[in-house]
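Accompanying notes for the structure given below.
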């Protein structure tokens, strides 16, 4: 029998018979590992313990201690277990697909009756019975004709369609536990009992079109979440409860920040309070960019399709663009314009005006650019996913040798901005060259090394995401962590030699010849709308004083104090504090409650005692008790707190 060489993570290699499975490899190392093994990585591919290995490879055996692989398998197995439970409870239900998603999985079903909360309870109960039965998981490979015949005999038309889309010469993998089977790429655990029975929960039912196409049949999608332990599940459910309390849509209404309506789907109506947050954040970012050497520009929102065709975006983004047809005078045909879905091609147009020298580089062009993208109605979610948004967009035109320095400076700027906004921790992911790409390996080596060196230079932690870069260059993604532990991907840094080439950007080098600049796409917030939503939820509406839309309410206790209330408001406003008077004929406790719901950071209560002593009674949001202090002292303190940082 032919032999193959398997290399382990420690660098040691061993000879094995060709066709050996990872399960057999694990057992050959130790009885203990053979029992604990759940899957393997073979040349970087997640591999089922039952699959044969036919050639030399690098191998790593995974156990439940390997978080990423364990959770993927648990969630994948639960998708199958749920589908089996549904078909055992309601045999007429047809199954479709059930992938792993963030924190869990979903599965789409074709059923005439709507799944109810009681149905979800019954499904969960049956799932736990399947898990406790410890049914063995087995797998076979079939040819396409056999799989089609199998599913046609069972009336599983969705599965037939999936199989028909697979090339005729490709083997199809089938998985079983008990008498139930499904078409699946795998991998899976070895028996259903390896899934923790007390660490999952079915969450909700939603509508979903087959293959995401609204012209197809609408199915029912059941979502579930799963973790390795009961405690992790409880922590996640607690986080969801906290998230519901912090929902920016709920707080946005209470704080009178914004609204959305059917006549303008995905477009935000900013109210005075919300617009104040927006403008303050914009002023802050403008100041930070100016100090970092960026030049602010403004480019058109409506641009002819010719530019999008030249940039390559027409082919890739046309379906997500808002198009406008215009009949120009004396023109033979209508002009087709698009509301810009991104700013980068327009920034190249600004760069291209006038001859550039290497001495002009790096050139950093920034824009708070208004963009529009068509998002499906089902994907929109408050401020987090909209159709009209503004990016804190900037593009750096530079030489290859300048990439590392520009990247390091950007990471330091991003880190400082996030800290100012209350986010002390973030993750960096470096996405490297994909299989299909342009450019030489030497060029990719240089830019990937430049990004990695930049990260190391600033002392930041990072992970490498192999093969996930764009076809033209590597990128960095930045995920911040909010107050309840959620991750939000906001910042990006993308190296792009492609767009300058497509749109003719050039500079004169030291050698007197023309060269193409690199274009570095970068953003810190991502979009103002989404980031404001994140801020609202991170702070549960209790924004930092400098960012709060209504910073101070000066509330009278008696009407005789009204003139002094007006004086206090005027003194605060003169020092740049956003202050309002509340002289309504209401009890002070009522006023305090109302403004606390509106998340006003500071309430100054004014009665006759304060008038006579020229003091104010200070109440801070979320704190019990009050502090009495001289007016001048309080004005000075609040004026300092109101200053925009940076």
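Glycine too: its Cβ is placed from the backbone N, Cα and C atoms.
Record check: Swiss-Prot places 344, 395 at the Zn(2+) site, and the matching candidate among 188, 191, 521 is 521. The record gives 344, 395, 521 for Zn(2+). Within 8 Å of the mean position of their Cβ atoms, the other Cβ atoms in that chain belong to 342, 343, 347, 393, 394, 494, 496, 499, 519, 520, 522. Among the listed binding-site residues, namely 395, 521, the Cβ with the most fellow Cβ atoms inside 10 Å is that of 395. Within the same chain, residues at least six positions away from residue 344 (Zn(2+) binding site) with a Cβ under 8 Å of its Cβ are 311, 393, 395, 496, 499, 519, 521.
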